[in-house]
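**Student:** The domain 'Polycystin cation channel PKD1/PKD2' feature in TrEMBL is assigned to 1-82. Taken from TrEMBL, the feature signal peptide applies to 1-26. TrEMBL lists 50-78 with the feature transmembrane segment.
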Amino acid sequence: MFTIVFMSFLCLFYLLFISKLSECSGLLGTAQMLFEMMLMKFDAHQLSDAAAFLGPFSFSLFIIFVVFICMSMFFSIIGDNFRLARENIKDTNRHLYSYALQTFIQWTGLKKTNDEDVYVQKDERMRSEYRNPIEQFPEKVDQLLNALNSIYVNQSKDKLKLKTL
């Protein structure tokens with residue numbers, strides 16, 4: 001949405017002020033001028049000198065739409081994502097603390113564990129989470145054969161209909 005609004009204002013300022021302002025002589029210069037307007041580092045008197053009514057009017061529209069609306073929406077999206085991340089951290093803190101405690105206990109040597117048991121547990125957990133593509137191959141072949149069979153059956157039915165007509 002920001003890109004669409006910004007590009008529309010870019011076209012507006014470029015077409016309105018191409019002959020009146022040196023900053024608007026090219027699209028890149030106009031884009032730079034608009035970014036300066038967003039940062040409030042622009043002399044608005046140039047626009048009012050270039051066009052008495054359209055300069056301040058277009059400047060006001062740009063500030064309202066881009067700075068107030070689009071930037072506020074952008075910041076609200078970022079704030080919402082930070083809130084979601086904070087909620088996810090609360091859920092994962094328990095797992096993080098238990099993992100840190102187990103690692104600390106193993107690192108200090110307070111609890112001796114057999115390394116093979118640890119690797120076997122990790123291996124079993126990884127195998128349960130991920131499926132080998134080779135194991136999926138027969139299912140995929142069956143799906144392909146069923147799709148080809150349905151295409152063949154549909155074509156056979158169409159040929160029979162044509163012969164009966």
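Glycine too: its Cβ is placed from the backbone N, Cα and C atoms.
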**Student:** Per DSSP, how many helix, strand and coil residues does the domain 'Polycystin cation channel PKD1/PKD2' (1-82) have?
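**Tutor:** Tallying H, G and I as helix, E and B as strand, the rest coil: 66 helix, 0 strand, 16 coil.
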**Student:** Could you tell me the mean pLDDT the prediction assigns to the domain 'Polycystin cation channel PKD1/PKD2' (1-82)?
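**Tutor:** Averaging the confidence scores along the domain 'Polycystin cation channel PKD1/PKD2' (1-82) gives 86.
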